[in-house]
Amino acid sequence: MTQFNIPVTMSSSLSIILVILVSLSTAHSELCNPQDKQALLQIKKDLGNPTTLSSWLPTTDCCNRTWLGVLCDTDTQTYRVNNLDLSGLNLPKPYPIPSSLANLPYLNFLYIGGINNLVGPIPPAIAKLTQLHYLYITHTNVSGAIPDFLSQIKTLVTLDFSYNALSGTLPPSISSLPNLVGITFDGNRISGAIPDSYGSFSKLFTSMTISRNRLTGKIPPTFANLNLAFVDLSRNMLEGDASVLFGSDKNTQKIHLAKNSLAFDLGKVGLSKNLNGLDLRNNRIYGTLPQGLTQLKFLHSLNVSFNNLCGEIPQGGNLQRFDVSAYANNKCLCGSPLPACT
């Protein structure tokens, strides 16, 4: 058999060519858009290169599911970064929300949460994310007011800014967002009155939770136009009439208004047949308990304690299944499970 001896110099040249070809093949096969990768690496830098993002490496593909919290659009096969989860980052010192987020124009979902060292206001750069549907900034020390510029992101479906250090007043302009389904602003320092415009959210809007803030004034009469499945305005300083939140023609499932100074005749409100949770404790609500409560077969949570209610607790439904504490400390409420009326 004839043998061929390849010179050493030729063998070395072939090895170099092979390495180059493999490198070119790898580069060509990378799905991550180079602009998206550059933006992500800048975000990492702007946050002080936290060790939690150690998987974000310039030599790897950001769309191969090895980059923590990063997902790309595989449905349309554009492979643009459309989902970013920045939760639980161990930032080495306080940092603001990076304005470089604006360089991810295809983001549909942005979650920023559980970061004690995240501080400062919500940056105007967020308004450039014109395809954003879901925006979560929660359990951080982000401060300042909820910005008006959010009304520019017409695609927004969900806004969750719960448990931060946000202050100022509620921005009236977000009620113009045509696709907004719900807002969650619990656990901040938001003050002032609820804007009248919040009664003009679109028919898609079904959830409003703004508990544990410093809201004052009255619930706008325009809320009669809303059909909320979930409403939680508890632990504020609201006063006056909250009957506009009730109605037999609504699809309301939960109403939580505890620990305010609300005063209205509970006996005159209509009740949604879907109501499963009602927390009205620690207010100034008067009148009687509506007979309609006995017809609510889904009602599993009720607390009307520490109000000015009177009369006999209606018999039937689930009302006698609740503990005495659910009815305690009213003006003259009586009947099972409280002592009998005299």
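Cβ atoms here come from the backbone N, Cα and C positions, even for glycine.
Which of C72, C310 pairs with C63 is settled by Swiss-Prot: its disulfide partner is C72.
As annotated in Swiss-Prot, C32 shares a disulfide bond with C62, one of the listed residues C62, C310.
For C334, the disulfide partner named by Swiss-Prot among C310, C341 is C341. Taken residue by residue, the repeat 'LRR 7' (229-252) breaks down under DSSP into 3 helix, 7 strand, 14 coil. Summary: among the disulfide-bonded residues (C32, C62, C332), the fewest other C-beta atoms within 10 A of the C-beta are counted at C332. Put simply, C62 (disulfide bond) is 8 Å from C72 (disulfide bond) when counted between their Cα atoms. Long-range Cβ contacts of N303 (N-linked glycosylation site) within its own chain (separation 6+, distance under 8 Å): A258, L278, D279, L280, R281, F322, S325, A326.
In this structure the alpha carbons, written CA, of C334 (disulfide bond) and C310 (disulfide bond) are 7 Å apart.
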